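If you scroll down you'll find the structure; I have some questions about it.
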Amino acid sequence: MENVFDYEDIQLIPAKCVVNSRSECDTSVTLGGRTFKLPVVPANMQTIIDEKIALYLAENDYFYIMHRFEPEKRIEFVKDMHARGLFASISVGVKEDEYDFIQQLKEEQLVPEYITIDIAHGHSNAVIEMIKHIKKNLPNSFVIAGNVGTPEAVRELEHAGADATKVGIGPGKVCITKIKTGFGTGGWQLAALRWCAKAASKPVIADGGIRTHGDIAKSVRFGATMVMIGSLFAGHEESPGETVERDGFLYKEYFGSASEFQKGEKKNVEGKKMFVEYKGPLQETLTEMEQDLQSSISYAGGDKLSSIRNVDYVVVKNSIFNGDKVY
Ligand SMILES: NC(=O)C1=CN([C@@H]2O[C@H](COP(=O)(O)OP(=O)(O)OC[C@H]3O[C@@H](n4cnc5c(N)ncnc54)[C@H](OP(=O)(O)O)[C@@H]3O)[C@@H](O)[C@H]2O)C=CC1
Ligand SMILES: Nc1nc2c(ncn2[C@@H]2O[C@H](COP(=O)(O)O)[C@@H](O)[C@H]2O)c(=O)[nH]1
């Protein structure tokens, strides 16, 4: 790979405005046959989303993916969302129990509209087998598979039946994969997204490394249909992470899904914990994201999200650590 770059290295170039107000710009996106207000989904992590947030997002036409770290609650979750006339979007792993879980869903005629296979190294036979198992038993579920960081992986997962792939190995704020293993897309996530999206024939979800709202527009420019975000969603009133007070300021806990805090043991740890500043209600951030993205669309010279896809850009600097501290 040549000419790698990350979010902070790119500036999109404005085109002539065609709207009279940013409010005319439409930020909605379609994924799996549903239309959502924003091309943004909070990360399927235990300090980012819980049942209450999932319900709020679904009721208000935002996409969501429930995490998989309380597996015993998933059947009830799907039933509850369906009882409310809402879509169910859950996550699974690849271990043996998960095969039984998919079987159970089938037996109970519960068909989640979206199933995300949530694995660190998604370019694997384990994920390919799970895609096939889901597609065989729940053919109407939209399957998102990940995470990956190469075009080969995107093609293989799509070929196995994935309806979308999720790109990002190690760019996350609480990720230490790049430090512990030497591998990943951390520091060049945006270039990796471009590389993968060019190979994709189905939607790509950019996952990790989003530090500003402008990074959402940049992700769309480089091929993302949807953008998964953890750290920017960690500090809300509703965020499930613990709230702590330090020197009169409030903070919320945010930990990695492969951290000892999630796993309950120090085995194959590839995530850390941090505290992010408290930032009030979730809806305020969603509204601000929408307004910022409307503005991005206007700078792109259009009135819908797809206008961003074709804008020119420049590479203005190069910084491999993506603004993060190493630990
Ligand atoms: N996006 C990212 O960059 C990353 C995300 N994560 C997140 O952390 C969580 C835990 O992920 P994960 O450890 O995959 O899930 P699990 O702990 O559920 O592991 C899934 C299965 O894959 C195996 N496995 C895990 N990593 C590898 C690997 N590198 N090579 C071969 N087999 C592997 C595990 O076995 P065994 O444990 O015995 O190896 C296990 O059987 C997920 O939510 C994931 O999204 C974690 C790291 C990176
Ligand atoms: N390497 C690890 N990556 C992780 C872990 N837990 C979650 N993640 C990934 O990070 C993104 C969120 O990134 P952010 O920059 O928006 O905060 C999330 O969606 C996962 O893909 C982990 O323990 N290790």
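Backbone N, Cα and C define each Cβ position, glycine as well.
Got these off TrEMBL a minute ago, pasting:
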- 6-310: domain 'IMP dehydrogenase/GMP reductase' (DOMAIN)
- C175: active site, thioimidate intermediate (ACT_SITE)
- 204-227: NADP(+) binding site (BINDING)
Within 10 Å of the Cβ of I210 (NADP(+) binding site), how many other Cβ atoms can be counted across all chains shown?
27
Tell me which of the binding-site residues D207, I216, F222, T225 ends up closest to the residue listed as 'active site, thioimidate intermediate' in space, Cα to Cα.
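If we rank D207, I216, F222, T225 by Cα distance to the residue listed as 'active site, thioimidate intermediate', first place goes to D207.
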As a check: which entries in C175, I210, H213, the recorded positions, place their Cβ less than 6 Å from an atom of ligand 2?
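C175, I210, by Cβ distance under 6 Å.
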Who sits close to V204 (NADP(+) binding site): which same-chain residues at least 6 apart have their Cβ under 8 Å from its Cβ?
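In sequence order, V154, A164, T165, K166, V167, L193, C196, A197, G223, A224, T225 meet the Cβ cut-off.
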Let me know the DSSP-derived helix, strand or coil state of S219 (NADP(+) binding site), please.
helix
Count the Cβ atoms, other than its own, that fall within 10 Å of the Cβ of F222 (NADP(+) binding site), considering every protein chain shown.
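Around the Cβ of F222 (NADP(+) binding site), 25 other Cβ atoms lie within 10 Å.
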Going by DSSP, give the three-state secondary structure for V204 (NADP(+) binding site).
strand
For the residue listed as 'active site, thioimidate intermediate', what is the secondary structure state per DSSP, taken as helix, strand or coil?
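Where the residue listed as 'active site, thioimidate intermediate' sits, the three-state DSSP reduction gives strand.
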